[in-house]
Amino acid sequence: MIFLSITAIIYYYFHYFQMPDKNLFNLLGLSLGAPQRKVREAYRQLAKKYHPDLNPDNPHTAERFKEIAHAYWVLSDPARRKSYEDLNPHLRAETHRHQSTRTYRKDTPKETSRQGPREGKDILVRLYVTLEELAEGVMRKVKIRRRQPCAECESTGIAGGAAGGICPVCKGSGDVPDFTHRSGSRRDSIPCRKCGGSGLQAMKACQNCEGRGQILADITITVGVPPGSDDKEKIVVKSQGHQGFMGGKSGDLKVVIVQKEHPYFERKNGDLIYHCNVTFTQWLQGCELQAPSLNGPIALKLEPRKIPEGVLKVPGRGMPDKDGGKGDLVVKYSLAIPNELNRKQISLLKRLESTKGFSPAIDDKGWCKRATE
């Protein structure tokens, strides 16, 4: 086994902070968070391969060997390794992630390996409401199914919520002393059998969430529909969608209003439109029309012999708006003309038509009379 000289150690000490951009784990061919045992094994293999004395004809191996030795010097000592990770926060975060993932990857579903904050997605639902509810405003309960943190494992995905506990045998080092049976003297260290050299407790997937850290839950949320809301309007309830994972932002609940069809009214912006028919007699004599509204029936006066089709408006009896105003009630009337008449009805109409003053004089210059002769 090849060891570094005191001079080399001093050299690497002064060059410790001169390699901030180097990933020391990569230099040794290791994944982030590799245990000490793996660090030693990787260094021994690479040192034999790149030692300058074993490669006299290759000048590049000397520089490569220096980098390998420097990486080992830093990562083999817990204090220096911690300082290195503190100087490179992104590596420290990645190291923790790889440690946690490696420990229970075999015992958990694939989703548990995607550690790190994730934003929750939005949830879109439709809410069917009546015209009266839109006019007055209403509080409605909406049932949704969303992803949210698993309470049993505290979102860790691990049974019992033990997120990365330290192995009680090796105290997190991954190695335990190896003593010979003959003399009892310490010879070297061997991988800890309790944790398999990881330094962490063995962890199993949470059965409640199957290791995902989240569950699908059916919940009920109260949504307020303001007076004057429009059909197809979208109400956004912040952070009530699928919940974020590991501190990620939660999605929103988006409620799309769907106005139910009304038996009387047609809605156009803030106006309410009501269609009605008037009889021939009502049209001739004039009458009082009864029209419905959101606040009860309204009496409207129809003048005699007005145009066969027309509009009557009642200001302020339509839909409210969000600015405090109101639309109009619009009554569209039409003269109802029967499609079929029996003989008696036709006879009565002819007698009525022959009465004085009923039919207006028609100046057709005798064309109608000549056409019938």
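Just so it is clear, glycine is given a Cβ too, placed from its N, Cα and C backbone atoms.
TrEMBL entries are annotated by machine, without manual review.
Residues or ranges marked as domain 'J' by TrEMBL: 23-88.
The region 'Disordered' annotation in TrEMBL covers 90-119.
Under the heading compositional bias 'Basic and acidic residues', TrEMBL lists 104-119.
If you look up TrEMBL, you'll see 137-218 marked as zinc finger.
Residues or ranges marked as domain 'CR-type' in TrEMBL: 137-218.
According to TrEMBL, the Zn(2+) 1 binding site annotation covers CYS150, CYS153, CYS206, CYS209. Other Cβ atoms within 10 Å of the Cβ of CYS206 (Zn(2+) 1 binding site) number 24 in total over all chains.
Among the features that TrEMBL reports, Zn(2+) 2 binding site is placed at CYS167, CYS170, CYS192, CYS195. Annotation note: CYS192 (Zn(2+) 2 binding site) sits in a coil segment as assigned by DSSP.
When the alpha carbons of CYS170 (Zn(2+) 2 binding site) and CYS209 (Zn(2+) 1 binding site) are compared, the span between them is 30 angstrom. Within 10 Å of the C-beta of CYS192 (Zn(2+) 2 binding site) we count 21 further C-beta atoms, all protein chains included.
Helix, strand and coil residue tallies for the domain 'J' (23-88), in that order: 48 helix, 0 strand, 18 coil [DSSP]. CYS192 (Zn(2+) 2 binding site) and CYS206 (Zn(2+) 1 binding site) are 25 Å apart (CA-CA, integer value). Here the candidates are the binding-site residues CYS150, CYS153, CYS209. The one whose C-alpha lies nearest to that of CYS192 (Zn(2+) 2 binding site) is CYS153.
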